[in-house]
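K.L.:
Below you'll find the structure I mean.
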Amino acid sequence: MFNLLFSSSNQRRINSYAATVKKINSLEQKIGNLSDEELFTKTSYFKDELKKGVTLDYILPEAFSVVREAGCRVLGLRVFDVQIIGAIILHQGKIAEMKTGEGKTLVATLAGYLNALSGKGVHIVTVNDYLARRDSEWVGQIHKFLGLSVGLIQQDLSKAERKLAYQCDVTYVTNSELGFDYLKDNMVLSMSEIVQNKFAFCIIDEVDSILIDEARTPLIISGPSEAPVEKYTQTNLLSNILFKDVHYEVDEKARNIILTDKGTLFCEDHLSIDNLYDLENPWVHYILNAIKAKELFIKDVHYIIRDNQVVIVDEFTGRIMSGRRWSDGLHQAIEAKEQVPIQQENQTYASITYQNFFLLYPKLSGMTGTAKTEESELDKIYNLEVICVPTHRPLRRKEFSDLVYSNEYRKWEAIADECYDMYRAGRPTLVGTTSVEKSELLSKLLTEYKIPHSLLNAKPENVEKESDIIAQAGRQSSVTIATNMAGRGTDIILGGNPSYIAKSILIDLLIKKISVQNNLKLQQLSLKTQYCINQILKSLEDDLIYANLSVLELEKKISIACEQVAISRNLEIQLRKAYQLIFQEYENIFSQEKKYVAQAGGLHVIGTERHESRRIDNQLRGRAGRQGDPGSSRFFLSIEDNLLRIFGGNKIADLMQALNVDDDTPMESTLLSKSLEAAQKKVEAYFYDTRKQVFEYDQVLNSQRQAIYAERRRILESGYPRDCILQYAESTIDDIVNFCLTSKENNEKFVNLNTKIKYLLNATDTFFISKDLYSDSSELKKWITEQVRINYDLREAYLEQIKPGLIRQLEKYYLLQQIDNAWKDHLQKMGALRDAIGWRSYGQQDPLVEYKNEAFNLFIEMITHVKHTVVYAILRSRLMVKND
């Protein structure tokens, strides 16, 4: 009944868009009759209408119709009705759930164009540089055709290039580049260094990956700290003589370690110290990380060793995360465990979670194939509603019920048997595994079965072949083993992907220098095509641009030639000719193979373990049955799998025992399916609570961050920072006077105050505050403030003689330097507070409430410190003038 109500609620939403879609369709002929120039002028017409007070919603039907027509003319692609619905959802600041292959990239152009008309800029966020560049060069042509500017942010861009890209109407950028640019903008020393404009509207592709999977991982800008490397080596050795359930307990659900009293005493005795928790010489942090590295972080599952370094493997995608490091000393603990060089621990200069970063946008939306299972979290944290968009063609994928085995060995045998059956039937098979270790185990098993297969995991030798392997995973009898990395990015096309194979042939010919005669892929093509390719290659030999290209530049030229982007240079034109010749022949070859594969049942997806989130499982299933193709999926499980063992294995094991199921017989029942779903919901709820807790704690820091960044911006924008300095001075004087006047001895009051003010003003020994002023503290403060102003005026006049405007530069420098230094130290203190606050729960205190209270006190201390330090630095600084 609930599902019925739920479905009808979503359907009512979809039905509510019908009138708008109908209106857009009614304009199609009228807009189609416009010339290119008339279509182009529509953009300026829409902008004028908005200036008159017309709303975006009012012009939406005509604007969407204009974009649809531009897409037909520029790319030869017509936007379907369901894609229009998806675009309306994005414009409304919601999440559009659209299945694999439904054309999400094109959907973003409609909402992006409409919102860019306001002149505030639109950010379209992708998960990697390649997708950002591809989308900007491909669908970005639609925006350019209609007169909008298109920007692209890539990792290697300079500040000036970034600034220009962010000033464009539509900017394509990755989530990490966008976040880091925000943090860097709040560390600059002049307004001219800021690259981003004010945030307005953001469309996030693969929104669940960024807002949920990445939610627990903050963006951090850091620098070297002074943490001693020896402590990691010592605690690694110590962890090896500590025993589980004796010296420490492991909480697998929370992925956390708890030292027992016996363990604490043992460690203190072994290290010859009195207190593990001593703030002046803390050891507990290092010990807990060493035990985490030993118990919870497994080689070839959570990380790999490459070039004598620990490289993180993303638990959601299976991809290696080069350049990323675990924070808070955990990475160093794993380096000590693996006996590779231990790199210096870093200190955080600036940080923000994706949760709080994307909430900075007044209007936020996103697209993904899998979000409905997480709609509660997306709504509660981001205020984002999820709406499922119908597929353009009916979904034909068969989803078989799970098979559960009593032990893992029998499960893997059954998976190998299934692969063999599919291989014999001519059906392509994609097997999703959860780790490098499991993927290699299955690969060995399939080798024993003599089943040809491709292996794709985080190992460097396999990562390089990722696109090729996935692009051809839909071919007849192909078997592909992949970690979760296969879930996104490249479509699996039944029969094979002619676009990818054509591109790979060009790379073989031009970069790897494999001749036409020795290229096995080319040998499958007609002699006429081989001859034409040879002629094109010969013509390139005389091209000076081609001759001077580096490998990376040539690879980029090939990518451009292989995509549907406008080109004009001879080199790119010749490369595209070669690409199209190869593509057309392979398209004919693969179309025949596609018919056979479709008749055999299409792509079969095998899941080897349930993930902690149903959403990740759905991503794997979604590889089959794209765009109305046939396909199927099935999960093979064992009660020894991590998810079932930790979150529900006993109940399921008892059920199997009650039904007297032997080791070789899989269990398949409605009751079992419900138990599996309950286990998965339990783990989803657990991790949601974890992310919610991260969010709640980071909200405390976020409010402080916004206050500091607002103060920084006020100083940067100020042409007269003197006012800020004098405000700080008044506050400092208040603090000094209030502190000194609380002294019990009158004589002591006078001496203390006189000494402190004399020091503040950098005055001579003759400086003296009249005792008559002490009777009225407000008059006393006014008098001291006036002395500070006089002192400041004299200092300003002196510096103006040396160099006009020098005092203003010094003011900004001192203000920003002290704020940045204090914020950096504050982040370290907040991190230490966050680590320690959990213990308060043992004293019947709410850790979050305690954290808020102590964080507030730390923040007030920091603000006070900044004000005092700036005022003392300005009033006591001595400028050395160098004579030429």
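Just so you know, glycine gets a Cβ as well, placed from its N, Cα and C.
According to Swiss-Prot, the ATP binding site annotation covers Gln83, Gly101, Glu102, Gly103, Lys104, Thr105, Asp491.
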K.L.:
Taking the binding-site residues one at a time (Gly101, Gly103), which has its Cβ surrounded by the most other Cβ atoms within 10 Å?
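P.N.:
The most densely surrounded of these binding-site residues is Gly101.
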K.L.:
Please state how far apart, in Å and to a whole number, the two most distant Cα atoms are among Gln83, Gly101, Glu102, Gly103, Lys104, Thr105, Asp491, the recorded ATP-binding residues.
P.N.:
18
K.L.:
So of Gln83, Thr105, which of the binding-site residues has the fewest other Cβ atoms within 10 Å around its own Cβ?
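P.N.:
Counting other Cβ atoms within 10 Å of each of the binding-site residues Gln83, Thr105 gives the minimum at Thr105.
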K.L.:
Going by DSSP, give the three-state secondary structure for Lys104 (ATP binding site).
P.N.:
helix
K.L.:
Per DSSP, Gln83 (ATP binding site) is which: helix, strand or coil?
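P.N.:
Gln83 (ATP binding site) sits in a helix per DSSP.
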K.L.:
For a quick check of packing: other C-beta atoms within 10 Å of the C-beta of Asp491 (ATP binding site), how many?
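P.N.:
Other Cβ atoms found within 10 Å: 16.
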K.L.:
Taking 10 A as the limit, how many CB atoms besides its own sit near the CB of Glu102 (ATP binding site)?
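P.N.:
Cβ-Cβ neighbours of Glu102 (ATP binding site) within 10 Å number 23.
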K.L.:
In sequence order, which residues at least six apart in the same chain have a CB under 8 Å from the CB of Lys104 (ATP binding site)?
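P.N.:
Expected: Gly86, Ala96, Met98, Asp205, Met367.
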